[in-house]
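Notes to accompany the following structure.
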Amino acid sequence: MIMDTAGNDPHCFAEFYERRHAAVALAAMNGWKIMGKEVKVKWATTHSSQKEDTSSHFHVFVGDLSPEITTEDTKAAFAPFGRISDAQVVKDMATGKSKGYGFVSFFNRWDAKNSIQQMGGQWLGGRQIRTNWATRKPPVPKSTYEPNTKQLSYDEVVNQSSPSNCTVYDGGVTSGLTEQLMRQTFSPFGQIMELRVFADKGYSFVRFNSHESAAHAVVSVNGTTIEGHAVKCYWGKETLDMINPMQQQNQIGYPQFLKSLFHIQMQGLLPLFKNRGRKLHNVELFSTEVVGSSSLHSRYDLKHVI
């Protein structure tokens, strides 16, 4: 951010990594009152025309950043690898807090490639960072923000689901939906552990390695258009949400399975012993064969004493 407080018209310039984020900021902040004064927000002209166009430069994605890491920290960490044209830590517009990822742009492709290879897994602040090539939008973006869609804040989204939920639902892409497209769309937000694409239905499920990465994906992708289609992105259910419903029914938990098995077996055995006039003290079942059980459990050695 560049500030100019001289003169009768103090002002500043705020630069965003993507134009769609700038458009959202303009719509949200224009007319907003700060310290009792109404703020006027509009597209920059003079300053932006003087700034060098970095769209043809080589852009590195930097993920898993600690909350305290700033743009200056990130730029300083990557400076030894070559001449940097731009650097940015992405922040939540509502809270001003870091979203945990950013971008570094190099003039030279070799410098960018070398930084990806050398910096991946290195400690920056309190975390090991991830590095990869950033996904850049073409001149006419395939993914743009829909102005009529409510922009969600990170704090709002991250608390909408349990911390153990890392699954994101993405729907509305009724044509052109591929696994490659989904990986390209969601990989900047974190490590993808599992991806299920249902092209004929127009939706997909993406499971990340962390709840926070999934939350970032929901905030950034919801309300955009992909391949010309308006996208709805929100929390999916836990991992089993991506498994065929019939498979879910067959995957019985081990303790529940044993309890059910014992109940079934004992219903048949107790009358047998009682009818013979014997007092039942201990019943032991060994190596019970199970018919029609889950594929994960075909035979159990069960011993139960009552």
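Start at 1 and count along the chain as shown; that gives each residue its number.
Glycine is treated like the rest: Cβ placed from N, Cα and C.
What TrEMBL annotates here:
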DOMAIN    58-136  domain 'RRM'
DOMAIN    166-238  domain 'RRM'
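Using DSSP to sort the residues of the domain 'RRM' (166-238) gives these counts of helix, strand and coil: 22 helix, 27 strand, 24 coil. In the domain 'RRM' (58-136), helix, strand and coil residues by DSSP number 22 helix, 31 strand, 26 coil.
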